[in-house]
Amino acid sequence: MSPRHGIPRAPGPTRLARRQFAADPWVSVGLALLVGLVALLLTAAPRGLVDVQGRQLDQEVGALSAAQRDLRGDWQRSVYYGSAEDLTGDPDADGWAPLVEGAERVRSEQPAPLRDVLGPAQLLARLQSEVPFTPDIESGYYAATLSLAVDPDLREHVELVEGDWPELVVGPSPLVGAGGSADRPAQEGPEEPEPEDAPEVPIVLLEETAQELHLEVGDTVPQTDLVVSGTYVPRDPDDPRWQHVDNAAVMGTLYDPNQGEAAFLTGFLSPENRGSTGQPASVSMRVWYPVDPSAITGTTGQVEALTAQVNGFLAAQHTLATAEQMGDARAAQIPLFTTDLTETLDRIAGQQRATSSMLAVVTAGPLGVALAVAALGARLVVQRRQQSLAMTLARGASPAQLRRLIAAEGLLLGVPAAALGHAAAMLLVPGPTPWWQWAVSGAVALVPSLALAASVDDASLLTRRQDLAGRSRSRWRWVVEVAVVVLAGVATWRLLGRGARGDDAAATGIDVLAAATPVLLALAACALTLRLYPLPLAALTRVLRGRPSLTPFLGSARALRDPAGGLVPTLAVVLGTAVALVSAVLLSTVTRGAQVAAWQDNGAPVRLTGPVLTDELRAEIEAVPGVGAVGGVADSGATQDLVVDGERTAVRVWVAEPQVEQVYASSDLLDGPPAAFWSDDGIPPVMTLRSAGEAVPEGAGDVAVAGLGQVEVLGHLDEVPGIRVTGAGVLVDGDRWVAAGRTLPSVSTTLIGVEDGADPAAVADAVSELVGTGGVVTTVSSRLETFTEAPVTTGLRQLFVGATAVSALLTVLAVVVVQLMGSGARTRLLATLRTLGLAPGQTRALTAWELAPLLATSLVVGTVLGLTVPRVLLRGLDLTGLTGGTTQPALHLDLPLLAAVLGAVVLTVLTAVTTSAWLAGRTNLAQALRVGEDR
């Protein structure tokens with residue numbers, strides 16, 4: 001026999017795999033697309049989180065003023081020699097060199113990242129003796145106060161407009177302004193006699209300031225020995241350094257309703273001056289290290305490391321120069337450093353932990369469903385190749401060989417798909433790529449291979465009936481289900497008890513417990529659902545058995561005896577519904593918490609901080625269009641005894657003006673005193689503040705406040721809206737305080753209510769114009785606008801919407817895959833029933849019966865879970881970093897939003913069931929009834 005007519009060679013493994021893939025490629029391609037999608041999301045989500053956190057950090061740190069953000073150090077020193085030449089005898093000596101070199105040495109000694117965040121040190125000397133004088137009457141200012149300063153780097157930051165730079169002139173004594181006296185330190189030895197003709201000391205002034213006060217180059221400042229040698233303008237008026245140098249870039253003004261405006265200005269001596277116009281002089285020294293916000297990255301680890309380093313810097317003692325290096329100093333130059341940056345960094349770190357944990361919570365559900373759908377898809381691939389795989393086994397292939405073959409096919413599907421998904425995420429979301437992101441994508445690439453290899457056990461041609469009875473063929477099912485329920489209970493208990501134990505979320509940024517608890521609860525709910533679901537379905541089947549209609553009875557019987565569902569569609573619907581509702585509830589809770597925090601912090605639609613609220617200023621503010629009420633709360637300035645059943649506790653008394661009642665009525669979100677607090681009848685009512693509430697237990701008998709008498713405690717406030725209260729205190733109505741013979745304290749924080757329909761922003765602008773630079777005006781609307789536009793808010797909104805959309809997609813995919821897995825048996829049954837007269841509409845109804853009862857039950861379970869999980873998470877996640885408040889926000893249910901989200905979920909499930917039923921209704925009778933054809 002020639003080779004041409006011999007027995008054909010058996011196809012090799014590669015050819016066999018290629019033929020099997022080409023015969024039915026679409027399910028395999030769909031599995032690869034799912035792997036690519038999962039890899040893309042798992043890569044893009046953390047990169048997007050880092051990007052959002054970085055932009056939020058830049059915004060929050062950048063929103064701080066330089067005076068708040070920079071590390072600033074202050075100390076006092078006495079300058080006996082204004083000239084370095086007089087001190088050292090060297091005409092080339094630099095009197096600022098020891099301080100400049102010491103400040104740079106301190107910066108270079110700091111560890112990274114603090115060293116990289118800090119810029120070169122800048123120094124300023126300001127003479128403590130301010131020089132008051134009376135400006136020209138035509139200037140319109142009734143008084144002016146001049147502060148003398150020395151900036152060794154002045155020439156680098158300002159441009160001389162007219163005149164000359166001031167020469168180094170040191171008079172024999174400090175300057176004395178109108179009606180003032182020199183503030184000089186004690187001087188050893190006899191005082192030197194003061195000459196009758198003291199030399200004039202040249203200074204430079206801001207050009208705008210000189211014009212406002214009618215001072216020209218060569219003029220002598222009234223009542224002083226200071227002469228204007230030149231005027232300047234800042235090279236960069238927006239340079240943050242000017243926030244450390246008061247009244248140097250802009251002249252300060254202070255409005256007095258009785259006298260008008262007073263001017264505050266800074267005059268600069270020669271940059272070579274060491275800080276004295278005479279010998280000796282008391283000088284306030286300042287050194288500051290500018291903080292570069294762009295140098296702080298968005299990673300939680302670096303933020304926490306930087307916070308610890310800044311705290312360590314503030315706690316340490318830094319010597320800029322020794323007494324010997326300074327020459328005329330009696331002690332080392334040791335500044336006391338302060339900054340408001342640490343508070344902001346702490347808040348940002350908490351915010352980043354919350355966002356990381358919420359990302360893990362929201363993405364854990366879709367990720368679990370995606371992996372389950374991938375496993376289900378692998379089973380579908382094996383099932384559609386069941387006959388060819390069974391024939392391969394019958395011809396002598398071992399299960400191990402078959403498993404290796406199909407695992408290799410899974411690698412060919414998964415590796416390219418995961419790599420493409422990872423690369424697409426890198427292109428779509430810029431940012432760093434740590435090694436663990438590649439490891440995660442690599443693990444995702446292995447999912448098809450492992451799932452296909454594990455599914456080969458289902459390649460047998462034997463068919464089994466899978467009823468939803470209470471018993472299971474697998475003895476391990478009970479063990480797994482009990483373990484899941486126990487783990488879910490333990491995780492929930494640990495999360496709910498976190499506050500009592502004091503172990504907050506992990507400092508690394510992701511709260512694993514908070515992320516795992518919702519998934520464990522969903523798995524436990526699914527296990528209980530699958531165990532309990534057959535009971536009502538069996539009862540329904542018995543009820544429908546006697547009905548004349550075939551479709552309901554046959555559909556319920558098939559759902560009970562040969563279900564298309566199982567854990568995967570149940571888990572998909574439960575988690576999909578829960579993720580959508582959890583996202584909606586958390587978003588509405590954070591939003592409402594931010595609104596409450598904004599109102600509590602501001603205390604009123606408009607708040608003015610700074611100037612004392614005099615009767616004249618009150619009248620002017622009340623005259624602004626749109627203002628409804630003007631009032632304030634102030635510290636009485638005295639500590640009184642709070643006497644409870646003979647026990648005394650020292651408290652501060654805070655007095656609220658009667659107008660505050662109307663201001664607090666501006667919003668229901670303000671947690672202010674109750675209406676009875678403002679009553680004029682009976683004994684005076686009070687509210688305890690801060691820790692004073694611990695001194696008044698429930699059911700306390702006699703309660704009195706020294707200076708006020710017997711009082712009635714109506715309740716407790718942790719904080720007074722719009723007012724910063726430190727320490728234990730009581731709040732009392734101003735009318736009651738005056739009736740007790742006391743006087744109202746001066747109010748420096750003014751709360752302004754607006755009329756209905758008035759624009760708070762317009763009112764704030766009018767008040768700002770009224771007080772000028774002498775006060776700070778804030779509004780609730782501006783705070784809420786900042787919150788809404790913040791990167792973290794938009795990022796969370798996109799996260800929640802994206803997670804809901806992905807969950808909906810996976811839910812539809814899970815339903816379709818489950819229906820495809822039972823398509824063979826269903827098609828044969830429906831073809832037989834169609835030949836017996838079953839209508840196409842009844843065919844679609846029977847298909848819908850296979851999943852509709854289980855999915856409806858899962859929808860109810862998912863809804864309950866979605867409304868329960870946020871309550872559990874709020875006990876374990878600290879959301880104050882997101883809301884900006886001091887207390888954990890209360891759970892808020894936005895009913896219209898929840899109804900819309902739940903409606904969308906129901907529509908998604910109905911769409912999935914309807915689509916699968918429509919596809920099943922397109923049964924080809926002739927093809928389905930043919931026997932022996934390889935489908």
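Glycine too: its Cβ is placed from the backbone N, Cα and C atoms.
What TrEMBL lists as compositional bias 'Acidic residues' is 189-198. Per TrEMBL, domain 'ABC3 transporter permease C-terminal' is recorded for 804-916. The region 'Disordered' annotation in TrEMBL covers 174-198. Among the features that TrEMBL reports, transmembrane segment is placed at 21-45, 358-382, 405-429, 435-456, 476-496, 516-544, 564-587, 799-825, 846-869, 897-920.
Within its own chain, the transmembrane segment (358-382) has Cβ neighbours under 8 Å at 27-28, 30-31, 34-35, 37-38, 41-42, 45-46, 49, 389, 406, 410, 447-448, 451-452, 454-456, 458-459, 510-512, 514-516, 518-519, 522, 567-568, 571-572, 575-576, 578-579, 582-583, 586, 796, 799-800, 803, 806-807, 810-811, 813-814, 817-818, 820-821, 873, 877, counting only residues six or more beyond its boundaries. Mapped onto DSSP helix, strand and coil, the domain 'ABC3 transporter permease C-terminal' (804-916) counts 94 helix, 0 strand, 19 coil. Taking every listed stretch (405-429, 435-456, 476-496, 897-920) in turn, the largest tally of C-beta pairs under 8 A with the transmembrane segment (21-45) is reached by 405-429. Annotation: stretch 564-587 has the most Cβ pairs under 8 Å to the transmembrane segment (897-920), among 405-429, 435-456, 564-587. Remote same-chain partners of the transmembrane segment (435-456), defined as residues 6 or more beyond its termini with a Cβ less than 8 Å from a stretch Cβ, comprise 31-32, 35, 38-39, 42-43, 46-47, 371, 374-375, 377-379, 381-382, 389, 399, 402-404, 406-411, 413-415, 417-419, 421-422.
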